[in-house]
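Shown next, in structure tokens, is the structure this report addresses.
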Amino acid sequence: MNIFSDNFLNKSDTSNPTIQPILNKRHISFLAVACALTISNLYYMQPLLATIAQDFGVSEEKIGFLSVLTQIGYACGLLLIAPLGDKYNQRNIVLFLLVAVTLSLSSVALAPTLDIVAVASFFVGFTTVIPQIIIPYTTRLTKENIRGKVVGVMLSALAIGILLSRTISGIIASIYSWKIMYWIAASSMLLLGVFVFFLLPSDRAPKDTPSYPALIASLWETVQTESILREACLFGALMFAAFNSFWVTLSIYLLTSSYHYSSEITGLFGLTGIFGAIAAPSIGRFADRYNPRYITGLAIIISLISLVLLWLMNWSLLSFIFGIILLELGIQACQVSNQSRIHKLSQSKRSRYNTIYMFTYFIGGAAGSLLGTYGWRVAKWNGVCMIIASLLLLALVWYWISSKKIGRTQWSI
């Protein structure tokens, strides 16, 4: 059976295929909730690893690969599933993935052995690319003058989902068990599918898209031909690399520095991300009203200012916290402005644009994690901050050089 056949994924309202429906506020609010709930599937496991290790009688050092497998599955889903939004009905892809992720989450809860948990965890990540289908879907079916705001709302929902998922998972597991958390997650995905079926309008994909192998092969061609996409990918990768360099070493710094904070206290610093999440819709409105590329430049400068507080004024806890907030705002502003730019390009390739951007974004984050740990090993906190400074300055230099090369047309997007 071809699961990507026209019988299901391409099925849509054919009453007037030339007119695309416009999402209303109720649709957008629901899709934001859907983004928050689905992205949470990637992060439920992180606070549960020690408990899972005890259940299966293995060491905590050997259980960490489960979280890695989930992330690897997500990266594979980005490359192999997310581009399908340019070929098939995006609403129906979301429905299909919600059923698939429900089965994957249920398999984790039912798994009798750690090996089955590992395989199921990969498929949880693989089928959780739903937000990367939803975001191009929303930009396609909303008016151009509010597209940046809508992107900001979706990214805000993603950030809130990531922030709350770890906390909720830990609480549920402490009261009941880690398997109950996965049953709750599976039930929420199934319920979400019912709402998607009844609430969301159908989306008719263009008929001139290539076959699936050609669609995947076209990703590289798209990178080569779209200079704005390449620039957005570069800025996103550099900024997320700087961001991850900071967060991957923060707990070590707070434990070994004059603060002497435990991992529990360090975890509370993650709540600063709520400021970036709250600001995302406002940033999106600015991207709609003004030049989104200017916002990228401003985001880089804000991040550099945050580094001054995190590096040179880290003796003050208040300055340090304010520095983290500014860093969160910088990365969120860059993310919103980049996605606003790429979603203004060709409508028929938006899913592929989003796939390429998010894949390079996560590659940048992985590289940043490696660079951050290397910086700490070489020169402790000074080494980490030098790595972050190098990444941000590289972004700023490229921004300045490319500003002189591109024309007014590209400046407008």
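Cβ coordinates are placed from backbone N, Cα and C, and glycine is handled just like the others.
Annotation source TrEMBL lists domain 'Major facilitator superfamily (MFS) profile' at 27-407.
Feature annotation from TrEMBL assigns transmembrane segment to 28-45 (among others).
The transmembrane segment annotation in TrEMBL covers 65-85 (among others). Listed by sequence, the residues of this chain that lie at least six past the ends of the transmembrane segment (65-85) yet keep a Cβ under 8 A from its Cβ atoms are 4, 9, 42, 45-46, 49, 52, 93, 97, 117-118, 121-129, 132-133, 136-137, 205, 212, 215-216, 219, 350-352, 354-355, 358-359, 362.
What TrEMBL records for 92-110 (among others) is transmembrane segment.
The transmembrane segment annotation in TrEMBL covers 116-138 (among others).
Marked as transmembrane segment by TrEMBL: 150-174 (among others). Long-range contacts of the transmembrane segment (150-174) within the same chain, counting only residues at least 6 positions beyond its ends with a Cβ under 8 Å from a Cβ of the stretch, are 28, 31-33, 35-48, 51, 131, 134-135, 138-139, 142, 180-181, 184, 267, 270-271, 273-274, 276-278, 280-285, 287, 332, 335-336, 339-340, 343.
Residues or ranges marked as transmembrane segment in TrEMBL: 180-200 (among others).
Through the fold, the transmembrane segment (232-255) approaches residues 223, 261-263, 265-266, 269, 296, 299-300, 303, 310, 327, 330-331, 334-335, 338-339, 341-342, 356-357, 360-369, 371-373, 375-376, 380-381, 384, 387-388, 391-392, 394-395, 398-399 of its own chain, all at least 6 residues removed from its boundaries and within a Cβ separation under 8 Å. The transmembrane segment annotation in TrEMBL covers 232-255 (among others).
Outside the transmembrane segment (267-287), and at least 6 residues removed from its termini, the chain residues within Cβ reach (under 8 Å) are 148-153, 155-157, 159-160, 162-163, 166, 250, 254, 295, 321, 324-325, 328-329, 331-333, 335-337, 340. Annotated transmembrane segment per TrEMBL: 267-287 (among others), in sequence order.
Summarising the annotation, TrEMBL assigns transmembrane segment to 294-312 (among others). Within the same chain, residues 235, 239, 242, 246, 283, 286-287, 319-320, 322-327, 329-331, 333-334, 336-338, 381-382, 385, 388-389, 392-393, 395-396, 399, 403 sit at least 6 positions outside the transmembrane segment (294-312) and bring their C-beta atoms closer than 8 Å to a C-beta of that stretch.
Sequence-distant contacts of the transmembrane segment (318-336) (same chain, six or more residues past either end, CB-CB distance under 8 Å): 148, 151-152, 155, 159, 235-236, 239-240, 242-243, 246, 269, 272-273, 275-277, 279-280, 283-284, 287, 295-296, 298-300, 302-303, 305-310, 361. Annotation source TrEMBL lists transmembrane segment at 318-336 (among others).
Taken from TrEMBL, the feature transmembrane segment covers 356-375 (among others).
According to TrEMBL, the transmembrane segment annotation covers 381-401 (among others).
Proximity of distant same-chain residues to the transmembrane segment (381-401), defined by a Cβ-Cβ separation under 8 Å and at least 6 residues beyond the stretch ends, is recorded for 231, 234-235, 238-239, 241-242, 245-246, 249, 253, 257, 296-297, 300-301, 303-304, 307, 310-311, 314, 368, 371-372, 374-375.
Counting Cβ pairs closer than 8 Å to the transmembrane segment (180-200), the top stretch among 92-110, 116-138, 356-375 is 92-110. Counting residues 6+ beyond its ends, the transmembrane segment (356-375) has Cβ neighbours under 8 Å at 74-75, 78-79, 82, 132, 219, 222-223, 229, 232-234, 236-249, 335, 338-339, 342, 383-388, 391 in the same chain.
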